[in-house]
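A.B. asks: Per TrEMBL, active site, nucleophile is recorded for 13. Feature annotation from TrEMBL assigns Mg(2+) binding site to 13, 15, 212. Residues or ranges marked as active site, proton donor by TrEMBL: 15. The substrate binding site annotation in TrEMBL covers 46, 47, 48, 187.
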């Protein structure tokens, strides 16, 4: 692997990059400590909306990477910020787990199950997905609601395999309503890229995006004008490079890159 130059900011994906499930991945603790000691800015970015930013910060701290909530951005947070900017006070129906519902409620967005009231159906990673939820989303869409989503991931990597992610929920709603999702705030969306650039207060060309997924992490970084590092500890493999929309600037087996 070619030497990686120094950047002002480092943006790390979490699932499959820093950890896999409850297992910290090789090199993560030492690399983050080194970057912070060197005065570099660090942010953690996740397309997984099933935990709050506080829960992610607590998990990282427990794993040996002391983290403040302000250093974490996930798609629940980005969705709330997008709604604040584009549809303040809108009535929403999240097809999601409780953390996204809690964040929407805390931000003042009314949650509704009535088709005529719902302005936005929010598709998300939801391991509690039921036919009833699909029916509510279907009725709302037929009554004029817009479909938006937290993230486009097909699956979430876990030790030994993966779990179907938000793409499955989006596809189910799109299939029965014949309607396309209008906004997806998760990686590789420029909405997510702008959010993390604002957090770091750095232009994209001074940041390195580090992740395990070519179609989300690497694509977002490349489209935003960041250099990128693909680690082979999660989703993507070297064999995937031939068909990837963007090639990473660097490739490493894991985060033991110092």
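Here, residue 1 is simply the first one shown, and the rest follow in order.
Glycine is treated like the rest: Cβ placed from N, Cα and C.
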A.B. asks: Just name the most isolated of the binding-site residues 46, 47, 48, going by other Cβ atoms within 10 Å of its Cβ.
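C.D. replies: The binding-site residues 46, 47, 48 were compared, and 48 has the fewest Cβ atoms within 10 Å.
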A.B. asks: How many Å separate the Cα atoms of residue 46 (substrate binding site) and the residue listed as 'active site, nucleophile'?
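C.D. replies: Cα-Cα, rounded: 6 Å.
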A.B. asks: So around the Mg(2+) site, 13, 15, 212 aside, which residues have their CB within 8 A of the centroid of those CB atoms?
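C.D. replies: Here the non-site neighbours turn out to be 14, 16, 17, 18, 46, 157, 211, 213, 217, 233, 234, 235.
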A.B. asks: Please give the substrate site's span as the largest CA-CA distance among 46, 47, 48, 187, to the nearest whole angstrom.
C.D. replies: 10
A.B. asks: Just checking: which of 13, 47, 48, 187 have a Cα that is within 10 Å of the Cα of residue 212 (Mg(2+) binding site), counting only these recorded positions?
C.D. replies: 13
A.B. asks: Per residue, counting other C-beta atoms within 10 angstroms of the C-beta, which of the recorded positions 13, 15 reaches the highest number?
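C.D. replies: Counting Cβ neighbours within 10 Å, the top one is 13.
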A.B. asks: Compute the centroid of the Cβ atoms of 46, 47, 48, 187, then list the same-chain residues not in that set whose Cβ lies within 8 Å of it, in sequence order, for the substrate site.
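C.D. replies: Other same-chain residues with Cβ inside the cutoff are 13, 14, 15, 45, 49, 74, 75, 151, 153, 186, 216.
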A.B. asks: Checking the contact step here: among the binding-site residues 47, 48, 187, which have a Cα within 10 Å of the Cα of residue 15 (Mg(2+) binding site)?
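C.D. replies: Final answer, ordered: 47, 48.
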A.B. asks: Among all protein chains shown, how many Cβ atoms are found within 10 Å of the Cβ of residue 212 (Mg(2+) binding site), not counting that one?
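C.D. replies: Excluding its own Cβ, residue 212 (Mg(2+) binding site) sees 26 Cβ atoms within 10 Å.
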A.B. asks: Identify, in sequence order, the residues in the chain of residue 187 (substrate binding site) that are 6 or more apart from it along the sequence and have a CB within less than 8 Å of its CB; answer 'none' if there are none.
C.D. replies: 13, 45, 47, 151, 152, 193, 211, 213, 216, 217, 219, 220
A.B. asks: I want to verify one value. Collapsing DSSP to three states, which class is residue 212 (Mg(2+) binding site)?
C.D. replies: coil
